[in-house]
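Below you'll find the structure, written out as structure tokens, and then a few comments.
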Amino acid sequence: MRSKDKISYFYDGDVGSVYFGPNHPMKPHRLCMTHHLVLAYDLHKKMEIYRPHKAYPVELAQFHSADYVEFLHRITPDTQHLFANELAKYNLGEDCPVFENLFEFCQIYAGGTIDAARRLNNQLCDIAINWAGGLHHAKKCEASGFCYINDLVLGILELLKYHARVLYIDIDVHHGDGVEEAFYFTDRVMTVSFHKYGDMFFPGTGDVKDIGEREGKFYAINVPLKDGIDDNSFTRLFKTIISKVVEMYQPGAIVLQCGADSLAGDRLGCFNLSIDGHAECVRIVKKFNLPLLVTGGGGYTKENVARCWTFETGVLLDTQLPNEIPENEYIKYFAPECLLNIPNGHIENLNSKSYLSTIKMQVLENLRCIQHAPGVQMQEVPPDFYIPDFDEDEQNPDERMDQHTQDKQIQRDDEYYDGDNDNDHNTDM
């Protein structure tokens, strides 16, 4: 057991100020709420806080096609009407709208995940957190499911410079299709996604039979679930599968996507997980004591997203948080109870014991087919495009935080409604 995990946490106040538009469920403002809750619980005093660099187009093009990156860079709400063909080609529109500062938003959240991976690679921390990251649906040449740039793929590519094998785990309610697709043909990355599957639920992929191809055969694992899964069923299945995965695959590093739309009461989700149940997955992964990159992901009931990721920051810091939420900038969102924990959901659990047992047996059977930890001939490590210049001796954590508390504190008037903290309302013009 390591004596005390060193944790790096990435945040830029500008991510919370972007607005996808009225009635769009994705609200980056949830990131401001999370950060202020982290500050209110004094968690910033136990970790190093960094503002990420804005990822350069050339860094984004390590995975995405250069023409797609260039188009994201160029397009604005004012000019989009001139590019109907390209918008269709790159899947920009209703789910993935063009909004003000779109490219900068992508640069910040992707920069956070890339920086997190580099700090892990350089052994400057044991755990790196970027709650703004985790946008797992984006594809090489197109946006998808509210995701434009796939920061997870970029972070994993960075980790692969130093690690022969990287394990990717996804507990978002939606299948981690973009990450799986990117590494479907390689054994260097094992992807494991626990998600709702069936009933035309987005994105429609992630069947237990999808296991990877060619060199990647058996290195993609899908755990398709039905509505209403609860803490007990989910965490038992998670622990059984992930323990076996780590034993068989022996990864050098883990990336954990903590999408909070798998929580009970999510606006787009259909599971019954409590925050403690969701966080139990984080506890389980942390115990492997491997370099760990943690990101956010989905999550569309803003106040519960902030609760969840703050609680999980506490878990990563081995710090138990009082249930009563301290006074903070966004306290009214957590009213009237102002408590950290949320009640369990009441959706009927359609996951029978026999269904879960069948899925578990199929997954474990596939795991038996992999060679014990594939070997990789490691080449000379390619240089980082950009390594943040951290002089550990010169940086005073207090000063670093000081600059951080001055981050823009954005509170959008058009995103708060009495008695309905999450849904946009139609307003008469």
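Glycine residues also receive a Cβ, built from the backbone N, Cα and C atoms like all the rest.
The model shown is predicted, which means the values in this text are computed figures rather than measured ones.
Positions annotated as domain 'Histone deacetylase' by TrEMBL: 24-313.
Summarising the annotation, TrEMBL assigns substrate binding site to Asp95, Gly145, Tyr300. Taking a C-beta cut-off of under 8 angstroms and a sequence separation of 6 or more, Gly145 (substrate binding site) has the following same-chain neighbours: Asp95, Cys96, His137, His174, Phe202, Pro203.
Summarising the annotation, TrEMBL assigns active site, proton acceptor to His137. Within 10 Å of the C-beta atom of His137 (active site, proton acceptor) sit 26 other C-beta atoms, taking all shown protein chains into account.
The divalent metal cation binding site annotation in TrEMBL covers Asp172, His174, Asp261. Cβ neighbour count for Asp172 (divalent metal cation binding site) (all protein chains, 10 Å cutoff from its Cβ): 26.
If you look up TrEMBL, you'll see 381-429 marked as region 'Disordered'.
Residues or ranges marked as compositional bias 'Basic and acidic residues' by TrEMBL: 397-414.
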Same-chain residues at least 6 apart in sequence whose Cβ lies under 8 Å from Asp261 (divalent metal cation binding site): Asp172, Val173, His174, Arg267, Leu268, Gly269, Gly297, Gly298, Gly299, Tyr300
Around the Cβ of His174 (divalent metal cation binding site), the count of other Cβ atoms that are within 10 Å: 27
Neighbour tally for Asp95 (substrate binding site), based on other Cβ positions within 10 Å of its Cβ: 17
Residues within 8 Å of the Asp172, His174, Asp261 Cβ centre (excluding the divalent metal cation site residues themselves): Val173, His195, Gly259, Ser262, Leu268, Gly269, Gly297, Gly298, Gly299
Other CB atoms, at most 10 A from the CB of Tyr300 (substrate binding site): 22
Residues flanking the substrate site, with Cβ no more than 8 Å from the Cβ centroid of Asp95, Gly145, Tyr300 and excluding those residues themselves: Pro25, Met26, His137, Phe146, Cys147, Phe202, Leu268, Gly298
